[in-house]
Amino acid sequence: MLQWKGKGKEKATEIVEDSSDSASTSDVDSDTSSSCSSDSEPVTQEYLDSLLEKARKNALSLSREPTNSVDILQGDVVELDDEPGNQILPLLDPGNIPKPYFEFDESRHNRPTAIRDPDIELAEKSSSVPAPPIPPPELTKGGKVLTKKQRKALKQRTAGPGWFDMPAPAEADLPRLYREVEAMRLRNYMDPKRFYRKDEGEGKGIKGLPKHFAIGTIVTANTPFGGGSSDNLTRANRKRTLVDELVDDAEAKRYAKKKFEDLQSVRGARGKNTLQAKKRQKW
């Protein structure tokens with residue numbers, strides 16, 4: 001609505017209506033008139049049949065939509081065999097799983113309630129095994145049980161299974177064995193290029209010998225190629241004692257001769273002209 005005010009008492013008013021307002025009012029009037037007319041008209045069978053046909057068409061169109069999508073994506077569909085034997089699937093059963101090292105409560109937020117240690121379980125399992133039976137007591141030739149002193153004497157005859165039951169030498173063989181051991185101890189003086197640590201019993205005589213010891217010889221054996229070897233001496237070239245074998249060595253002979261000459265020269269220098277000095281008159 002627009003109003004124009006002029007001078008004096010004259011007033012002019014104009015009412016302007018939009019076309020949209022007129023159209024809306026006309027639509028409302030038509031709807032009200034049609035509704036009134038429809039309400040007044042009775043519902044016929046043809047109208048109901050038309051509504052039923054529309055519902056059928058809508059249901060048919062909705063049922064066809066997923067089939068059309070499957071037809072479009074038919075190339076991406078993976079088909080599996082119906083037979084279960086042809087399906088290659090991994091087994092879900094892992095079999096026997098060892099016990100976990102830590103055991104928790106149902107909450108699993110607290111500290112472990114138990115800790116499994118395989119070493120402790122193995123020790124407990126071995127301790128649960130019954131102990132072997134006690135061996136029967138040792139008897140003498142007469143059938144009597146050995147006394148504690150006799151068992152100790154038998155035990156001291158050998159060095160034990162840790163040393164392959166090495167026997168203790170008899171007292172009658174100690175002087176001969178002492179000479180052999182002393183020759184082995186003097187090997188340091190036979191070879192100037194080798195140095196050996198001093199033995200504990202060196203210089204103590206027969207009392208310095210160990211309680212359990214043995215002296216052996218090298219047993220001849222075939223070489224890996226099946227023939228003879230220069231290391232294996234024949235019976236004619238072997239010596240009777242260890243000292244003879246050491247002295248027979250050419251290198252040892254040369255070194256021993258050199259040391260002997262050095263000692264003789266020192267001794268000769270010390271005793272030079274001593275006899276004449278003794279004969280000289282004393283004033």
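Just so you know, glycine gets a Cβ as well, placed from its N, Cα and C.
Here is what TrEMBL says about this protein:
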- 1-44: region 'Disordered' (REGION)
- 21-40: compositional bias 'Low complexity' (COMPBIAS)
- 84-169: region 'Disordered' (REGION)
- 105-124: compositional bias 'Basic and acidic residues' (COMPBIAS)
- 146-155: compositional bias 'Basic residues' (COMPBIAS)
- 156-259: domain 'Fcf2 pre-rRNA processing C-terminal' (DOMAIN)
Study note, to complete from the structure: Long-range CB partners for the compositional bias 'Basic residues' (146-155) (under 8 A, at least six residues beyond its ends), listed in sequence order, are 137-140
Exercise for review: Go ahead and report the DSSP secondary structure tallies for the compositional bias 'Basic residues' (146-155): helix first, then strand, then coil.
Suggested key: 8 helix, 0 strand, 2 coil
Check your understanding: Would you list the DSSP helix, strand and coil counts for the residues of the compositional bias 'Basic and acidic residues' (105-124)?
Key -> 7 helix, 2 strand, 11 coil
Revision key, fill the gap. Grouping DSSP H, G, I as helix and E, B as strand, the residues of the domain 'Fcf2 pre-rRNA processing C-terminal' (156-259) number 43 helix, 2 strand, 59 coil
**Study point:** Model confidence over the domain 'Fcf2 pre-rRNA processing C-terminal' (156-259), averaged pLDDT
**Key:** 80
